[in-house]
Amino acid sequence: TTYSQAVGVIIGALCGGVLGDNIGRRKVMFTFFALMIVFHGVCGSVETWESLMILRFLVGLSAGVFIVISIVIPIEYVGSDWRDVCMLSGFWTIGVYSLSLQAYLLQNWKLLAFVSGAFNLPLLGLYFLIPESARWLLCSHQYHAAEASVRDMISCNTKPVAELVALLDSARASVSSKMHRKRYTYIHLFQTLDLFKWTLALAYSCLITSTVYFYLYNKIGSITGNKYIDNSLPFLVDIPLTWSAIVVNKCLGRRWCTFLYSVASGFALLSVMILHMTGNLQSIPTLVTGLCLFGKLGVTASFSLIAVIAVETYPTVIRCMGTAIGVAFTAAGSILSRQFKFLDTFHYTIPFVVFGGFIISVGFSSLILPESIGRPLP
């Protein structure tokens with residue numbers, strides 16, 4: 001079921017990238033959000049593992065579409081000073097804490113499927129509050145809808161936007177003279193040499209970062225002995241470090257901040273060799289767990305920063321597809337991480353050395369990506 005769901009996310013993300021860039025953001029996002037809730041709730045009525053596997057695949061597929069567009073659409077609303085705050089705030093972890101609390105109260109996985117699905121139903125009402133991306137509407141030559149979207153957002157602000165009409169006229173003239181409406185595909189992610197190397201660097205970084213992240217998460221195991229707390233505690237610990245990345249990346253930039261956190265995480269994992277040579281580290285399992293937890297912190301911050309760079313790198317017409325590459329390879333990393341369990345059979349230090357080297361390589365690959373801090377979205 002884990003593999004089927006991850007494969008569903010991969011397929012859904014790739015489909016969501018095409019749909020989001022060619023059909024629109026809002027309708028596609030909420031349509032698949034509704035489907036995700038339905039399929040997730042139906043999981044509670046299955047009687048065979050084959051049925052559960054199929055439903056989890058459909059949940060993953062719907063979630064893959066939703067994740068891609070839900071990453072892109074807020075970034076297209078806010079200015080450059082707030083994009084990293086949106087991606088690094090860690091508010092998505094509220095879902096993890098909520099799930100642990102519901103599981104503790106219900107003590108029944110089938111009932112949990114119904115309740116956790118119903119828990120998201122009120123969020124469908126956000127469809128009537130969130131406007132379509134004005135950037136996408138402009139690129140699609142839907143000028144009147146783009147103007148209405150911008151005016152809706154301005155009506156919620158406390159300050160007027162000066163020369164709004166002139167700004168919209170300038171944007172319309174620029175789009176009309178330089179852009180033709182057409183269907184975009186994943187081939188456009190490799191259309192220039194820069195896009196080609198950025199897409200490869202993004203795919204590699206997301207695949208390796210996700211592999212290391214999920215391996216360390218599964219390696220952490222029991223911290224308090226309470227499975228409900230242990231399920232959410234690693235995510236709670238992540239939040240302070242990702243918040244620190246908001247400050248650090250404004251000083252160093254996206255790329256060098258990613259490099260810093262990746263290399264620091266890698267050296268934290270590699271330090272197991274030094275500790276092994278100075279004593280029998282294996283006899284202190286809490287220290288091994290602590291190393292996994294600390295290494296995971298840097299991996300989380302690195303991955304979040306890579307996500308910011310990905311969204312800021314690609315133009316509006318292929319932004320969802322660029323983000324979909326990152327999401328798809330992240331899901332692939334969750335599968336790949338389980339294939340490295342054989343390393344534990346050799347020596348307990350081997351996984352730390354391998355994954356420490358992996359995450360350090362991500363730091364160097366992130367330097368291939370463009371620096372996007374403070375720049376307007378292309």
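Backbone N, Cα and C atoms are what each Cβ position is placed from, and that goes for glycine too.
Listed features, source TrEMBL:
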DOMAIN    1-374  domain 'Major facilitator superfamily (MFS) profile'
TRANSMEM  6-23  transmembrane segment
TRANSMEM  30-47  transmembrane segment
TRANSMEM  53-73  transmembrane segment
TRANSMEM  85-105  transmembrane segment
TRANSMEM  111-130  transmembrane segment
TRANSMEM  195-216  transmembrane segment
TRANSMEM  258-275  transmembrane segment
TRANSMEM  287-310  transmembrane segment
TRANSMEM  316-336  transmembrane segment
TRANSMEM  348-369  transmembrane segment
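The listed stretches are 111-130, 195-216, 348-369; of these, 195-216 has the most Cβ pairs under 8 Å to the transmembrane segment (316-336). Sequence-distant contacts of the transmembrane segment (30-47) (same chain, at least 6 residues past either end, Cβ-Cβ under 8 Å): 12, 16, 55-56, 58-59, 62-63, 65-66, 109-114, 116-118, 120-121, 123-124, 126-127.
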